[in-house]
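S.K.: The structure is given below, and queries will be raised subsequently.
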Amino acid sequence: MASVPTGENWTDGTAGVGSHTGNLSAALGITEWLALQAGNFSSALGLPVTSQAPSQVRANLTNQFVQPSWRIALWSLAYGLVVAVAVFGNLIVIWIILAHKRMRTVTNYFLVNLAFSDASVAAFNTLVNFIYGVHSEWYFGANYCRFQNFFPITAVFASIYSMTAIAVDRYMAIIDPLKPRLSATATKIVIGSIWILAFLLAFPQCLYSKIKVMPGRTLCYVQWPEGPKQHFTYHIIVIILVYCFPLLIMGVTYTIVGITLWGGEIPGDTCDKYHEQLKAKRKVVKMMIIVVVTFAICWLPYHVYFILTAIYQQLNRWKYIQQVYLASFWLAMSSTMYNPIIYCCLNKRFRAGFKRAFRWCPFIQVSSYDELELKTTRFHPTRQSSLYTVSRMESVTVLYDPSEGDPAKSSRKKRAVPRDPSANGCSHREFKSASTTSSFISSPYTSVDEYS
């Protein structure tokens, strides 16, 4: 993560990349900082030598980035709001899913992982980085320095790839529904694999973390063996892996799913069950698209800030650059608090869960309908009920003649005719139907509860 300009950290450059979500400090630009302390101002910036005394320049820059108390108080409130909403909101989401059997679906297990990642980043990363950025002083010791540089990349990786797993799962459920869905065990394996890959990606941040005690100042930073260019390259790779690549995958999958679900009605699809499942699937996909778009918007300004300040190092001397950084970092961290709000607004079952969680509030009323939303299922899926679906393929309906019991008429006992579109897979009293379908609406083992 790009470092925030402060009185002691104004020269960021490519060395000030920091941890992807977490290290505000300049200490990532420790070489430049030490050069400045030694009086080598020009070499620190890579600028021509000036006649101005380094101590005078240092004092001017320090004054430039000193914030008034009222501004620090406002930023503290803004960051505190993010932490409070993100931690408590995501913990409630986890409780809603794990405490109610009806909520334990494949998609929701990935939402638990997403909520855990977001709550962890908010609790262990946001305020610590804000304090470090404002005071340019590391108060939290060597062990937490390593954790601070390591964990944010891990958590953001887990968050974005949980969303990616949901997108792929939705794609498989809607585009190729007859294939078996992920089991609970397979889902846990996927989640475990996500965290293992996240740990591997973030491990260099832990390995190269350092504490430097300066006169009157303690710094936490990442010192790469080959210097700032290696650090810059690493974080470009991180941006690609935790932002560009997963967003590309989700963009493609949700585009295909959206075309399928909103591409128009299928002729003859008038069954109530079909419309119920279609509506439920649309709601879930719409909710997840909003979650993904929110994440992308929140993190984009921060990544732009990082790239621009790394390439154009003179931007780090702009008098408003610290405010730009604090704003972009706040927006990135705020992505952790929006998901519970989105779930509550767009999903009636999560809304019922939040009502139960806040039932102690005098203005929150939990109705009997809200209780039923979390405790009952709409129907129990079976092989037979799942075939009671909509088919895009032509199927053959075998009609059994009422006179099939008459031996004299056994020769015309049954005949094959094209399926009546008006039947749409729904029950019909005059005949029994047997069809093999390839439905884009239902899989053989999926109920409406999976989507609504």
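Placed from the backbone N, Cα and C atoms, the Cβ positions cover glycine too.
What Swiss-Prot lists as compositional bias 'Low complexity' is 433-452. Under the heading S-palmitoyl cysteine, Swiss-Prot lists CYS361, citing sequence analysis as support. According to Swiss-Prot, the feature region 'Disordered' maps to 401-452. Feature annotation from Swiss-Prot assigns topological domain 'Extracellular' to 1-71, 127-146, 210-232, 309-321. The feature topological domain 'Cytoplasmic' is assigned by Swiss-Prot to 95-104, 169-188, 258-286, 347-452, with sequence analysis given as support. According to Swiss-Prot, the transmembrane segment annotation covers 72-94, 105-126, 147-168, 189-209, 233-257, 287-308, 322-346, on the basis of sequence analysis.
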S.K.: Relative to the transmembrane segment (233-257), which of 105-126, 147-168, 189-209, 287-308, 322-346 accounts for the most Cβ pairs at distances under 8 Å?
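M.R.: Of the candidates 105-126, 147-168, 189-209, 287-308, 322-346, 147-168 scores highest.
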S.K.: Is the transmembrane segment (322-346) close to the transmembrane segment (72-94), in the sense of at least 3 CB pairs under 8 angstroms with a sequence gap of 6 or more?
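M.R.: Answer yes, regions in contact.
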S.K.: When each of 105-126, 147-168, 287-308, 322-346 is checked against the transmembrane segment (189-209) for Cβ pairs under 8 Å, which one has the most?
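M.R.: Looking only at 105-126, 147-168, 287-308, 322-346, the most contacts with the transmembrane segment (189-209) come from 147-168.
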S.K.: With every protein chain in view, how many other Cβ atoms are within 10 Å of the Cβ of CYS361 (S-palmitoyl cysteine)?
M.R.: 9
S.K.: Tally of helix, strand and coil residues over the topological domain 'Extracellular' (309-321) according to DSSP?
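M.R.: Helix, strand and coil residues of the topological domain 'Extracellular' (309-321) number 9 helix, 0 strand, 4 coil.
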S.K.: Please tell me whether the transmembrane segment (322-346) and the transmembrane segment (105-126) touch - that is, whether there are at least 3 C-beta pairs under 8 Å between them, with each pair 6 or more apart in sequence.
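M.R.: Between the transmembrane segment (105-126) and the transmembrane segment (322-346), which are separate recorded stretches, there is contact, as judged by 3 or more close Cβ pairs.
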S.K.: State the mean pLDDT for the topological domain 'Extracellular' (210-232).
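M.R.: The answer is 88, the mean pLDDT of the model over that range.
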S.K.: For the topological domain 'Extracellular' (127-146), jot down how many residues DSSP puts in helix, in strand and in coil.
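M.R.: The topological domain 'Extracellular' (127-146) comes out at 15 helix, 0 strand, 5 coil.
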